[in-house]
Amino acid sequence: MESSMDSRLTGKRMGSVSSIVASARLESYEAADKKCISDVRRTFCLFVTFDLLFITMLWIIELNVNGSIQAQLEKEVLQYDYHASFFDIFLLAVFRFSALILAYAICKLRHWWAIAITTAISCAFLIVKVILSKLLSQGAFGYLLPIMSFVLAWIETWLLDFKVLPQEAEDEIRYQPFVDSVERTPVMGPGPLSDRQTDGQFYSPPESLADSDEELEDKHDPEKGLIHQVT
């Protein structure tokens, strides 16, 4: 009897411990999901920031090579010419950065449609600019800026489609069993009755009021008590 009760107590304790561990892991996953983004998504956002900074640096170098920065800014920004200015390539990098950070860092989208739009717009704009403009006659930067902008846009697409979204899907699949285990095995603490049973103490129910009243009457009326004893 004692061995069976000990085994039951051990089983209950093991079940409660496992359910507590599963619920703790579930809470940690939920807290991490609420407070921050995943590591691969953070790496993607860092690369998007690198895209903007790298194109900006190349554009500033191009301004210094062709003369003073102030004069070149007036020529490429205030006197903008689609066929000869690199300012629109810089604006294209700003557009990619703003759209992708808004979609995948702030809104935390889990779909590829946002980066598909930015990559399609970037590719179409760069191809048309290379065909119609005179950038190729302006030296190395006429080749470098369009090519680097094109390559960075496609690297961002590759990172999101082949690294970020599949990794987050695997994490979600790995996270689902903890949710199922917590739903199947809720945490239950031992109640007063189980404590009494496991300690081997069994209590009889209290006597009814009718029995106690009859005993009191027998004490006050000895003749009636004697009759009860004889019968």
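Positions of Cβ are set from backbone N, Cα and C atoms, glycine also.
Among the features that TrEMBL reports, domain 'MENTAL' is placed at 37-212.
Outside the transmembrane segment (44-62) by six or more residues, the chain places 37, 69, 72, 86-87, 89-90, 93-94, 96-97, 100-101, 104-105, 141, 144-145, 148-149, 152-153, 155-156, 159-160, 163-164 with a CB less than 8 A from a CB of the stretch. Summarising the annotation, TrEMBL assigns transmembrane segment to 44-62 (among others).
Taken from TrEMBL, the feature transmembrane segment covers 82-105 (among others).
The transmembrane segment annotation in TrEMBL covers 112-132 (among others).
Marked as transmembrane segment by TrEMBL: 138-155 (among others). Here the transmembrane segment (138-155) has long-range neighbours at 47, 51, 54-55, 58-59, 61-62, 65, 84, 86, 89, 92-93, 96, 118-119, 122-123, 126, 129-130, meaning same-chain residues at least 6 beyond its ends whose C-beta is under 8 angstroms from one of its own.
What TrEMBL records for 185-231 is region 'Disordered'.
Among the features that TrEMBL reports, compositional bias 'Basic and acidic residues' is placed at 217-231.
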